[in-house]
Structure formats: structure tokens, C-alpha cells
Amino acid sequence: MDKMFSKILAKRGSRVSTINDWLQIQIGGSEDVKKKKPSNQNRIKSTKYTLLTFLPQNLLEQFRRIANFYFLVMTIISLLIDSPVSPMTSLLPLVFVIAVTAAKQGYEDILRYRTDNVVNRSPVTIIKNGAEAIIQSQNVAPGDLIVVERDCDVPCDLVLLRSTDPHGKCFITTANLDGESNLKTLMVPRELPTVPIEEMHKLGVIECESAGTDLYSFNGKIELAGGEGRVLPLSAENVLLRGSRVKNTECVIGCAIYTGMTTKLQLNSRLTRNKSASSETYVNRFLIFILIALIAIVTLLYFLKRYNELFVIPKLTYLGPAADGYSVKQFLQDYLSFLILFNYLIPISLYVTIELQRVIGGFFMEWDTELYEKETDQQCIVNTSNLNEELGQINILFSDKTGTLTKNEMNFQQCSIAGHKFTYKKTRLEDDETKALVDINKFSIDQKVFFQALAICHTVQVATSAPADAPVAANKNDSNKSGPPEMYSITDITEESHNSSQHSELNVSHTIDTAISVHPNGVNAPVSSSDVNPLLIGDDSYQVERRKRPQVVKRSPNFARSNKVHSAGVGDATAGNTTEQNGHSMVVGTPLQSQSPHMVRPISLQFQRSTSERDLPQFGEANSAAALGHRRAHSYGAPNAYLSHPVGNMTPPVGGLFRTASSTSRESYAAPTFTRQPTILIRAESQRRKNEIQQTLCLLDYQASSPDEKALVEACANLGFVYTGDDGEVLRVRIVPPHLDYKRPINSNKPKEDCFYRLHVLEFTSDRKRMSVIVRDEAGKKWIYTKGAESYVFPLCANSSALMVTKTDNHISDFARLGLRTLAIARREITETEYQEFISALAQANSSLENRKQLCEECYSKIESDLDLLGATAVEDALQDDVADTLVSLQAAGIKIWVLTGDKVETALNIALSCGHIPPDAKKYIILECKSRDDLLIHLNVLEREIVFGIGQECALLIDGKSLAVALAEAPKEFRDVAVKCTAVLCCRLSPLQKSEVVALIKSSNENYNTASIGDGANDVSMIQEAHVGIGIMGREGRQAARCADFAFAKFCMLKRLLLVHGHYHSVRLSFLVLYFFYKNIVFMGIMFLFQFHTLFSSSSVYDSLFLTLYNVIYTSLPILFISLTEKPYTEETLMQTPKLYRKNTDNKQLHWPYFLMWTVFAVYHALIIFYFAYCIFSFNNVILNGGQTAAFSCFGTLLIWGVVIIVNLKLWLESMYLSYWYIATIVLSILAFMVTTVIYNVINLDYDTDIYWAYNNLLASLPVWLYILLTIVACLLPDFTLRMLKRALKIKGFSIFPGKQRKREMRKKFESTYL
């Protein structure tokens, strides 16, 4: 397809040429093709139809359905032969059903078309002839130079050529692409020459591979123009993919390479297979049964007619000679006439009613307030409404763990350093052995090195330049606040006393401000600005050296540039000015020198930006010294120990705090006396520093590629190792002790700052399971720091760390048993020779166009060796709300739960136990490290024996990725048959592909399990799409899972209501709908069948064509549609509290043959009663009309259809459980609709089909007719009512007249042998 696409573009004058499956793209476009540039190369198309193809394509799709195709054939036949009924009786219902379905599908396609246009017509800025121009997104072509600004979406796949970041970086998020919401870093190609923007189109030619589906690989090169002729390699880190969004980078320029439907996003967005509900299998079985019955009835009636023509009609001379039954023409006429007469046995309106029921039922789920999340303003989303009833049929649920069962909110909890285990206490560490609290002032060398490694071994970015989002105090006179209260989290000082201190309402901000402004020796210390965090001030020259620049206002994400002129007021260097422009408020920081009132943004842009903390903007007044104080008060010891006066507008006295007499008050660290000034200063300084660390964290706004990394960097900052950003490649870690020792004087000098020059980042990949950084410290030494999964880091450690590895591994096992996520940390010093060899080998690998990834990994592995293990971290991922209750309820409902995760066995096992996935008393069987089929079968045999002999004992299976790979490849059937017998299954260390393979394996079982998969990340998409029902959670890992899922909501706990309530209701409703449709058509056609025995099988119709046409459309359609949307056999509260009720509908029990045959028996009985009651009246005395006249034949047919409409509607009422006034009104309206339409029809003398002129009016005026209706209702519904009452009174359970599948399964299990 890619070849075809490239050829087509080449013919149309595209600037893309193809050589040996490689694309050659001229940067900026070739001059010879600019005039004949094709349009719509970047157009996205998700619609199924066009104006020309809609009608034929839609009709073709609809006539693939058996019922539609059948009625089409019947309509054609009725037009070709002498039909016993009007062809309109078949044509009108068919047209109605086709039109309704086509309108629905056409409307959905129009919505898709409008959505496409929003994207295709969005404005995009390009560089054309050295100037900026705005075009529609759909007109972007390969080779165009695209300008993408901060917080804007990338319109097509681009090669990054320029960035405002001075180091050529570009930061993006790819939540729309792969579901990951974490920050990712891209780079301008190394050694790419910097040229003016006007000359960028002369850079050269990009040669790259044809577009593929792999999001994480790209091979290409840039052939630079000019005499040099250099070739620069291109990789995935140089490409911005469509669907990604630029973050923390003001502006980038890229060259378009893949556009439109050839972008990687679109190639990964191909439509998956259509999912169908298991109920459709039963509907098709019933249709086939009815079709066979129809053919049998038609054949029987035809032979009976032939018999009458041969032996009966010749004796009745007044009928004339019999037809020639031996001619082919007469055979077709007779046989097809019967076929047309009984074609209403197939309910044509069944499909359209099911479709309406599903769509409206989907709206009901979306409107359910219990499935609405207030915090995120997310409602339930139904993407595939034709699977509503499948929610009530789930046997096995596959679930992801991280982000699904857990919140994906990481909190640093414990760590292992140099063989000792510590617990994290916000600003201190607690030794697990001695229970001693250690802060940064008392850290050992190992502890300092460990946290130093955590502070620099990462790819965290500092997002400090977003003034448009940063709140500015409106009232500058408020000196008691340094920012909005919600911006700073005030840390409790509970660690000071190691007890639970209590809060009082005393305002001590003024006192603390006074205390910290006083030098220990009594000299007033300089006061710094409250609006600039002191942690970010390195020296006194900071105010002078600080770079000032205009703050770029965020643009809307639709690439629009409504105004190119930015106004900036003139002011001093420390003031932040707010200007109004076009109705929008902008915060503009002004430089030292004055600027003109109107500053036109130059075309060349200011491609200079840094993420360093030195670019932090300043807001507020410089002399607001009191703003550092926060309104807070703590009582150390006895409650209210320091309160002497009620709190009001009183200002505490300067110089100290009052203290009431309290015999119970005592300082936990035994300060000599409270009134000593140094003690007050130490406390105030400690509190101030902790507050400032929190302020700094809020202001720095760490953006990490994973939540684990962010949690570790924030933990380091709380302990005093504050990562303040990378100024270029210089990593800055400020050492700020959050606590001071009272024995030491307060040091008012600048905080210590460690700087490391980052040389290389060896990125994390799913294959490597680790990442590394190579840095040079201030002493000139080069170090490599490695962080990753312990199973991948431990083998890289030197032999000298063997004892350390053993201790750390034991600690990691302890962490995993607590359900914590673990990482190992290691480092070593590398020599200059070793580093140069690495640089050379890496450059050679990067220049290779083949096997580049493999060559780079070999270079990485070589330098990541002989490491010294530093320790390990343990991060907690908190459980979702009400997870345990949800899982236990689903298990009680008969749903087996499989958790498929990438975590290690210990961590996953602990989470599974804590969330209720594995019952606490269940036997746990663990299969690890199986390398052959024989090993696996031994495990499976032992496990099966445990299940067989441990009758009633719950059993849980735990298996890792390696063993599962063997099971899937060499013994899939054996593994599946044993695993499905377990109560719970936990699969660990799985890849996304293995997840989908597990789901596919269970689906292949002969037991016909109905599966559901739930997840929240892009790695769960394959599993979600593979299952019968895919459920997505709109979580922290993006929306890819939610978009690809059939149903989506905000929290895992909502799954309980979705399955137990909505699943139950939809299953019951659809079963009711299907069975009733077949019932009412059998009653309708059963009377036609009985009528043939009294007309010498003449293929005459007892009904008028009007009744045949409107019976399924008006007379019987509304009540069943209404009750199929509102039926509730149990209340919602009962279903939530009694999960076992869910089992009543699984395996489509209410669509099994016993239920269908029961409805069929009642249909036959009702047809017999209605027909023969009327037959008796007309046979014994047909003088039933008011005027004493005899009733005509038209009265007989009208009386029958009247009885049918009343009986089938009342039967529906009798079978319904949930009765409402609206529902009863629909039944009454349906009967009245029949009466009104028939009255109108019978007063018009059409004489079109049968003459019923005034027939119905005569029936309405006849008392015997009303008596007949009453007797018929009683006779028909009395058995139904009696059986229903007996069932309730005697509590008779449902029975089966067949052995059934369940009994066969039990017999097979009884004699089933094991694999021994």
C-alpha cells in the first residue's frame, strides 16, 4: 500500500520520490513541483462512505443480514408472480427497516466527517519563501517546514530541525499516540548546521524508510547540501509523530515526512475486527429453526393442495376444473404463493428494534450518575452499543494491575542503602533496625551517594517557564501571602517530636518573620524578596546575572495565530506587568531596558530557552519581606501549651511567644528552655526551609517520563537534595538541609550546590529494563549511574558487590511482599580511555542504517558493566478506591479474574492478596522459570491433582512471563484447561503481546467462555481489543485504552455496577425482546396456517394487506421496545448486594431452547384459541351484527387480527416484571392505534386488497364480538397466569427438557483423566 501511495503521489507531482522502498524528501520542497503541488495530502479520513458510495455500499452491508436478504427475495418474488397478498406488505416493512438503519449509519458517518474536518481544516503555520504562512492542515505536503508552538499538536510526522531550546531539545507528550502521559525528550539531529530560517529549505534531502506501524523505530538520514555532502543519521529521537504534543518548548520547526493516512498514528489506527454479541448466535439459531419450519409448512401445504386438486376438487364441480399441477409454472406459482403468505414468520423488524434498544440503552449507561466521576468530570462512554448485553455474560475478566487496580500514583516508601533498610519519613530516614531518625546532616557517605545518584540518574525535566499558568497575586498589598494557598503544601513538624503534634489557631507568621530576620549575634540580616524562593538564589549577584526575557503567552492547541503583535509595557526589572490585548490578559515580564509598546515577533524567532531554575520569573514586590511567613501554628507537647490569649486580630508581640503554665509540656528534643532565642530560630529556620522545599517543588513542577522517576526526585528534594534543573547539560542539585541541629549556629550563607555535566543518557527501553546516565563531576571524574529492575541490574554488578547484592535482594523481596515497586541503583567510575572507546563505538553504531538498535545496545552493555551496587528503592502504587469490594463481588458473581501485569511475582502477589483478587485461604501454586514443555507439564499435573483432590478448596495460579511463553508456544491447550479451573490466575512479567495471546487462548476454548479485558494504558490496547468485551479506564496513562475500548469510565470500582446492574439488565431485556418477537409472529402466522385447512389450501390470506404491513411496525413494536429499555427483574440495590444473581443470565441461559420452545408452545396455544373461538362463532351462527345481518368474510379476518393485537400486547404485560404508567400507556396506545387505523381504513372504500368497507365499524357495534374478545383474553392468558402464580407459590425452579450442556460438562469432568 505504501508503494502504491508513493507512486500515486509521484504521478501527481509530489515532492516525494521513492528509491528502493526509501523515500527522498527535499527539505522545503523542490522548486519544480511547487506550482503543481497536490492538495489534501495530509487529509485524515475516518468515514466509511462518500456521497457516491453511501447508497450502494450501505445496501450491500444491510442485505448481508439473513432477514433483510430474505425479505428482499420475497418482495421480488411477489412482484413476479400472482401474489396472494399485495407486494407492498413485504416491500414497505423492508424499506422502513433499511431506511432507519441507513439513516442511523449515515448520521454516524456525518459525525465522523465533521470530526475529520475539524482536524483537516485546522490552521498550520509553515515556512514558505522564508516567511511564515498559515494553511489548512490537510494541505500540508511532505517537505513542508512546519512551525509547532508550545502546547500545540503536531499535524503530521516531522523530522525535528530547529528548537527554541539552546541544546536542541524538544519535550513532548504522546498520550494521544500511545497512551503515555509522561514527558519524552526529542533532539535536533546532532551536528546539524544552524542556518537562518530563510535558508532552511536549502539544507538538503531527507532519505527515510517508508512509513510503518512501529511507533518507536525510525531509520533515515539527511544528505546535507553544499560542498561538504555530509550525511547525518536520523533515528526515532529526531522525529515528532502526529498525535504528540509539544510541551515545555516554546517553538520547534520540522520537515514533514509522512502525511495523512501514512502517518504512524493512522497506520496504527486501522479498524479492528467487528465484535458481535454472543446473543446473535442464538438469534441466528432461532432464525434458522423458523426458516426450516417455514419451508416445512410451505411444503406440507403445497402437497395438501395437490392432494385436494387431484381427489377433492374434481368432485366439487361448481369449482370448475382443477389447475394443471404438473406444469413447472403452476408449481412455482403455488409453492411461492405459500412462501410469500408465510414470510412473516421471519420477524423483519427484529433487527431494527434490537438496534434501537442497544443505542438507547447505551445512552442510559452514559447518563448513569453512578458511573460519573465528579473530580475529572468523566462520564461513562459507550463506544460499541451492540455489546451491551454481553456485559451480562462475562465468565473470565482479564485485568491490568498498574493504573487499573492501582492508582498509578507513586509514593516513595522505603529504600535499601549499603545493605541497611530504611523507611522514608518525609524529611528523614528511619533505620529499620535501630528506629533512629537520620536527616541529611547525619547522612553517611553511602547515603549521600545513594540519594545523589537518585537526584541525577533520571530524565526529569523542570517545567518552570509557564507564566501563563502561574497565578499572580492580584492584591500586592497582601504581605501575608507569597502566593495562592493551594500552591504550597505546609508540612507538619511531626518529625521534630516524633509524636503527633497538634495545630492551634495562633498566627505566628510575624514572629517567625522577625525571628529569621535577626542574626544569631543580634545583627539584622538582609531580607530577601518573598516572591523569589531563597532556595533558588545562589549568590548576591543572582539579581544581576538573571536573564530576563519576554514571557511567551501560550497559544491555543489548534495552531491558530490570531494576533502576531505582542504588547509589553515598560517597567523595572522586578515587576510583572499585566496587559490587556484582544480581551485576553497576558503576564509579560519586561527586560531591564525599555521596549517599544508594540514589539513585532521576528520571523526568525528567538530559539533560545533553558529549563534551568535561573530562568524562573519573578513576580510581586521585591521588598515584601513578610510574605515568607505562612499562617500556621504547632504545639509541641501539651495541647494549647503556648496559647495565652484568644485568637483574634491581635498581633503577637515581637521577639517571642507567650507560653501558659503547663506542667505537661515538654520539648521532645529537650531544649534547655523554650525562651532561648537560638532554639526559636532553629525551629523557625527548619520550618521555613521545609516550607520552601515544598514551594520549590510546586514551582519547579517536575515532568518525568514515568511516575516512579518523579516520586524519587521529589523524595530526594524533601530530604534536601533539590534537583533544580539542567542548565544546558549541567545538572544542578542544591543541598538544602530541611532541619538544623540546635547545637549548631544557623548558617546564613548560600546553600551548597553540586553540579554534574551530563555527557550521555542511555535511555530506558522495555528490553533493557534500565536506564543510565554518564556524568562528569566537578572534580573532572566521569561516572556512570544505572537505575532499573534488579533482575537486569544485579548481573551487571562487579563481583566485589556480591555480598551487597545478596542483602539488597533480600530487602527487595521484603519490599515486594509489601506490594512495593522496586528499582536497583548502581554506579562506577569510568576512565577516559574507556569513555573515548564508548564514544567512538556509539558514533559508529548511530551512523549505521541497519541494525542500529542492536549495535547501540551492544555499546550500552559494554559500558554498563562491573558496577558498584548502591542500593534499591521501594515505591508504593496505591490501590484504587473500593477495589477489594469490586473484585470479591465479581468473584461471587461467578466471574474468574486473571490479572496480567508486567510487575514481578512478589509485588503482584501482594497486590493481589491485598485487593482481594486471590482469596486469603486459597492455595497458591507458583510456576517460575520453566524452560521446557516437560517442566511445565509436571507443574500442571501437580496443580491439577491439587484441584481434583482438594474438593472445595480454592486454588490460585501464579506464573511468570518466561513460563507463560513456554505454555503459549508448546502446551497451550494443557495450560488453558488447567488454568481455567483455578479460582484466580496471576500472570507476571508479561509483554503487551503476551497479554493478548492469553486472551486469545482462553477464547479458543470449547467451553465458549465470554471474556472481558480492562486496562488503562496503551500497553493494554491489544488485550482490550482481543477480548469479547473491552473496557477502558480513563486514567493517568492517557486515553488510548479508553478510545479503543467498547466501554470506558473513570474508576475501576465502577466495573461492579457496569456488570452486575447494567449487564444483568441488558441480558434480561434482550432475551425478552428476542423471544417475544418470535412469539408474536408465530401467533400471527399460526392463524394463517390454520385458516388454510378451511379453504382447500388455496393460499388465500385471512388478513387484509394493511394488517400485514402494520402488524410489526405499529401494532406491536412500541411496548416491547419500551419494556426492553426499562425491564428490571430486581432492583439496582438488590443486584449490587447479591452478586450471585448475575449467574442467572450468564451463558445466555434465557435464550436457550427450553425458553424458546416454551414461548412457541404458548404462541401455538394462543393461535388455536383465537382462531377456533372465532371459527365457532361464525360456524354455528354468523348473525352476530347489531342489525341482524350475517357477518362477511372481511369481518372474520378483522376479528382475528383484533384478537391477535390484544392478546400479544396483554401477554407482554403479563410477562413484564417492572410496570410503570408509561409502559402501560404504550400497551393501551398500541391497541388504540390498531383500532383507530382500522376505523379510518374501513370507512374508505378502496377495494384494493380485500373489501373491509365498514366491516370493523359493524364489529365495534356488536355485543357478541365484545363478548368474544373478553372470552378469548381469559382463555388465552389464564394458563399463563396460572403457571406464573404456581411457580411463585410453590417456588418451582426452572427445568430443562433436554440433558443440557451443563450435565454433559459434569459427566465429562467426572471421567476426565489428568495428564499424569
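The backbone N, Cα and C atoms fix where each Cβ goes, and this holds for glycine too.
The C-beta environment of F764 (ATP binding site), restricted to residues of the same chain at least 6 apart in sequence and closer than 8 Å, consists of S705, S706, R770, M771, G788. Look at TrEMBL and you will find D400, K401, T402, E709, F764, K787, R821, T901, G902, D903, R989, K995, N1019, D1020 tagged as ATP binding site.
The average pLDDT the prediction assigns to the domain 'P-type ATPase N-terminal' (37-90) is 84. The domain 'P-type ATPase N-terminal' annotation in TrEMBL covers 37-90.
What TrEMBL records for 1042-1291 is domain 'P-type ATPase C-terminal'.
Positions annotated as region 'Disordered' by TrEMBL: 563-585.
Counting same-chain residues at least six beyond the ends of the transmembrane segment (67-85), those with a Cβ under 8 angstroms from any Cβ of the stretch are 91, 93-94, 97-98, 287, 291, 332-333, 336-337, 339-341, 343, 346-348, 350-351, 1099-1101, 1105, 1108, 1249. Positions annotated as transmembrane segment by TrEMBL: 67-85 (among others).
If you look up TrEMBL, you'll see 91-107 (among others) marked as transmembrane segment. Beyond its flanks by at least six residues, the transmembrane segment (91-107) meets 48-49, 54, 58-59, 62, 68, 71-72, 75, 78, 348-349, 351-352, 355-356, 359, 1109, 1112-1113 of its own chain at Cβ-Cβ distances under 8 Å.
Feature annotation from TrEMBL assigns transmembrane segment to 282-304 (among others).
For 335-354 (among others), the entry in TrEMBL reads transmembrane segment.
Marked as transmembrane segment by TrEMBL: 1073-1093 (among others).
Residues or ranges marked as transmembrane segment by TrEMBL: 1105-1126 (among others).
Remote same-chain partners of the transmembrane segment (1153-1175), defined as residues 6 or more beyond its termini with a Cβ less than 8 Å from a stretch Cβ, comprise 286, 289, 1071, 1075-1076, 1078-1080, 1082-1083, 1086-1087, 1089-1091, 1094, 1196, 1199-1200, 1203-1204, 1207-1208, 1211, 1268, 1271-1272, 1275-1276, 1279-1280, 1294-1298. Annotation source TrEMBL lists transmembrane segment at 1153-1175 (among others).
The annotation transmembrane segment is assigned in TrEMBL to 1191-1214 (among others).
Taken from TrEMBL, the feature transmembrane segment applies to 1221-1244 (among others). Tertiary proximity for the transmembrane segment (1221-1244) is limited to same-chain residues at least six positions away from its ends with a CB under 8 Å from its CB atoms, namely 1104, 1106, 1110, 1114-1119, 1122-1123, 1126, 1198, 1201-1202, 1205-1206, 1209-1210, 1212-1213, 1252-1257, 1260.
Summarising the annotation, TrEMBL assigns transmembrane segment to 1264-1283 (among others).
Same-chain residues lying 6+ beyond the ends of the transmembrane segment (1191-1214) with a Cβ under 8 Å from its Cβ atoms: 1076, 1079-1080, 1083-1084, 1087, 1101-1104, 1107, 1111, 1115-1116, 1119-1120, 1123, 1162, 1166, 1170-1171, 1173-1174, 1178, 1182-1185, 1224, 1227, 1230-1231, 1234-1235, 1238, 1242, 1250-1253, 1255-1256, 1258-1259, 1265, 1268-1269, 1272-1273, 1276-1277, 1280-1281, 1284.
Tertiary proximity for the transmembrane segment (282-304) is limited to same-chain residues at least six positions away from its ends with a CB under 8 Å from its CB atoms, namely 66-67, 70, 334-335, 338-339, 342-343, 345-346, 350, 1074, 1078, 1089, 1092, 1097, 1099, 1148, 1151-1152, 1156. Across the domain 'P-type ATPase N-terminal' (37-90), the DSSP tally of helix, strand and coil residues reads 27 helix, 0 strand, 27 coil.
Packing against the transmembrane segment (1105-1126) from elsewhere in the chain are residues 85-86, 88-89, 92-93, 96, 344, 347-349, 353, 356-357, 360-361, 364, 1069-1070, 1072-1073, 1076-1077, 1080-1081, 1084, 1197, 1201, 1204-1205, 1208-1209, 1212-1213, 1216, 1218, 1220, 1222-1223, 1226-1227, 1229-1230, 1233-1234, 1237-1238, 1241, 1248-1250: each is 6 or more residues past its ends and has a CB under 8 Å from a CB in it. With a 10 A radius on its CB, T402 (ATP binding site) counts 26 other CB atoms from all the protein chains. Those residues noted as binding ATP (D400, K401, T402, E709, F764, K787, R821, T901, G902, D903, R989, K995, N1019, D1020) have their most widely separated CA atoms at a distance of 26 Å. With all protein chains in the displayed structure included, the most crowded Cβ environment within 10 Å among the binding-site residues D400, R821, G902, N1019 is that of D400.
Within 10 Å of the C-beta atom of R989 (ATP binding site) sit 22 other C-beta atoms, taking all shown protein chains into account.
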